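Listed features, source TrEMBL:
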type	residues	note
TRANSMEM	113-136	transmembrane segment
TRANSMEM	157-181	transmembrane segment
TRANSMEM	201-226	transmembrane segment
TRANSMEM	317-338	transmembrane segment
TRANSMEM	358-378	transmembrane segment
TRANSMEM	399-419	transmembrane segment
TRANSMEM	450-469	transmembrane segment
TRANSMEM	481-506	transmembrane segment
TRANSMEM	526-545	transmembrane segment
Amino acid sequence: MGSVDEERSLLEAELNQAESNGLYTGDGSVDFNGNPVLKQTTGNWRACPFILGNECCERLAYYGIAANLVSYLTKKLHEGNVSAARNVTTWQGTCYLTPLIGAVLADAYWGRYWTIAAFSTIYFFGMCTLTLSASIPALKPAECVGSICPSATPAQYAVFFFGLYLIALGTGGIKPCVSSFGADQFDDTDPNERDNAGWGIGFGIPALFMGLAIGSFFSGTALYRFQRPGGSPLTRMCQVLVAAFHKRSLKVPEDSTLLYETGDKHSAIEGSRKLEHSEELKCLDKAAIVTDVETKSGDFSNPWRLCTVTQVEELKILIRMFPIWATGIVFSAVYAQMSTMFVEQGMMMDTKIGSFTIPPASLSTFDVISVIFWVPIYDRIIVPIARKFTRKERGFSELQRMGIGLFISVLCMSAAAVVEIRRLQLAKELDLVDKQVAVPISILWQIPQYFLLGAAEVCTFIGQLEFFYDQSPDAMRSLCSALSLLTTSLGNYLSSFILTLVTYFTTKGGQIGWISDNLNEGHLDYFFWLLAGLSFLNMLVYTLCASRYKQKKAS
């Protein structure tokens with residue numbers, strides 16, 4: 001027995017020596033078999049191309065559907081403008097809600113690797129189902145005959161939405177994990193690694209790329225670094241609340257070192273560094289008070305009665321991040337217009353450039369072009385200039401970057417409203433108000449609103465991802481990534497809710513309403529101004545919340 005203990009001690013000593021020499025990672029990451037990993041043969045940029053390939057193909061598959069979905073619903077399934085937009089935003093909302101499922105599975109049970117693998121497969125089956133629904137004649141409604149357009153049958157709707165929502169489930173295991181899994185490939189305890197900066201065919205091509213995404217992801221298995229699952233973060237939060245309530249009558253000691261924490265350098269939470277005590281929300285510190293009974297018995301093992309400071313700080317961090325998180329919902333409602341109302345607006349504009357016809361959904365390409373344009377401009381020009389004034393390594397903090405994006409989103413919706421005002425004026429001048437036909441104003445006038453939305457996306461979404469990854473506790477990074485994605489989900493649901501309210505109130509008394517099936521009769525510009533106003537108010541609230549935020553401190 002002694003020899004086994006001696007061998008174990010020797011092994012631990014060798015590992016500690018190797019870690020101190022910098023041979024192994026210092027952030028607790030392991031290889032596929034659960035063993036400590038050598039820095040020279042795993043992780044870093046050598047592993048990232050496989051993860052990036054998975055993310056790139058998954059995003060291509062997702063946007064290949066999202067950008068064209070409103071057109072498919074109106075033209076092929078013969079839905080009205082409001083119904084189609086509502087279905088799109090509800091589906092997109094679900095796509096950003098399911099990451100909560102994937103995050104809990106990744107952080108608590110499976111780890112990020114197996115979560116990505118399982119849900120990518122579900123995603124692929126959903127893509128195949130959607131492709132079949134758009135390819136097989138029996139699974140889609142007949143074409144319109146004149147003005148008579150037959151509705152889809154319940155069975156046709158069932159197959160289409162089954163595939164669509166399988167995709168929503170599949171993306172739930174990829175979105176919260178893939179960015180964090182990529183970041184896991186860099187040891188943040190090593191300064192050298194930290195901070196390196198036809199419809200059937202239309203659905204079939206993204207399905208093909210989703211298959212390539214799965215292949216790309218599995219190809220890099222031997223090179224990946226893995227973070228051990230730290231147990232359910234939801235359970236740990238409940239333990240803090242229960243323990244604090246149980247000790248609600250006790251007084252928190254003035255000296256925070258008297259609060260309970262493990263004695264060794266590692267946290268009691270698997271895969272997490274210790275967090276330093278903060279002075280906010282002291283009522284939660286009661287969960288870490290060591291009572292006389294616990295001291296006498298020497299039993300500190302019941303987490304429902306006694307929690308570590310790190311465990312308490314995890315919950316504090318989430319509470320502090322909540323106001324910042326909540327202000328992302330309105331921005332996501334604005335972003336949802338790119339695949340709904342922007343497309344419907346473009347369908348009522350002149351889409352011809354000479355002999356070439358521009359599909360309205362393809363204008364979202366300018367959002368991508370804007371992102372590609374602004375990312376290097378931001379990193380190579382704006383950040384160095386800002387760094388001279390702010391003295392911050394990244395030029396702007398994540399919070400400042402997000403605030404800039406919220407301001408740009410106000411400009412984006414204002415630009416969309418101005419274009420719609422001009423389109424409606426032209427429709428009136430040419431006596432096209434009562435006719436459901438495109439107005440002869442070039443669809444290229446939509447480019448500024450897409451370009452502004454791309455700039456806002458670079459600031460807000462990237463800043464949001466950086467903020468939630470940097471500020472989240474180590475063992476809750478997938479959950480926090482999922483929470484950042486939840487703002488997109490709720491933003492899409494908010495967009496659906498606003499559409500419902502606007503339709504209800506503006507069609508009272510037999511009125512046409514702001515958003516009618518014939519947009520020439522409506523006032524889509526009022527809807528865009530409404531979102532611009534909500535975005536401005538949201539920016540003011542965000543500014544107040546961001547100015548009061550306290551940063552995380554990890555040991």
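In case you wondered, yes, glycine gets a Cβ from its N, Cα and C as well.
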For the transmembrane segment (450-469): best-contacting stretch of 317-338, 358-378, 399-419, 481-506, 526-545, by Cβ pairs under 8 Å: 399-419
Recorded stretch, among 113-136, 358-378, 399-419, 526-545, maximising Cβ pairs under 8 Å relative to the transmembrane segment (481-506): 526-545
Same-chain residue ranges lying at least 6 outside the transmembrane segment (399-419) that approach it to Cβ under 8 Å: 324, 327-328, 331, 334-335, 337, 341-342, 345, 445-446, 448-449, 452-453, 455-464, 466-467, 525, 528-529, 531-532, 535-536, 538-539, 542-543, 546, 549
Residues of the parent chain within Cβ reach of the transmembrane segment (358-378), under 8 Å, 6 or more residues beyond its termini: 63, 67-68, 70-71, 338-339, 342-344, 346-347, 349, 351-352, 443-444, 446-447, 450-455, 457-459, 462
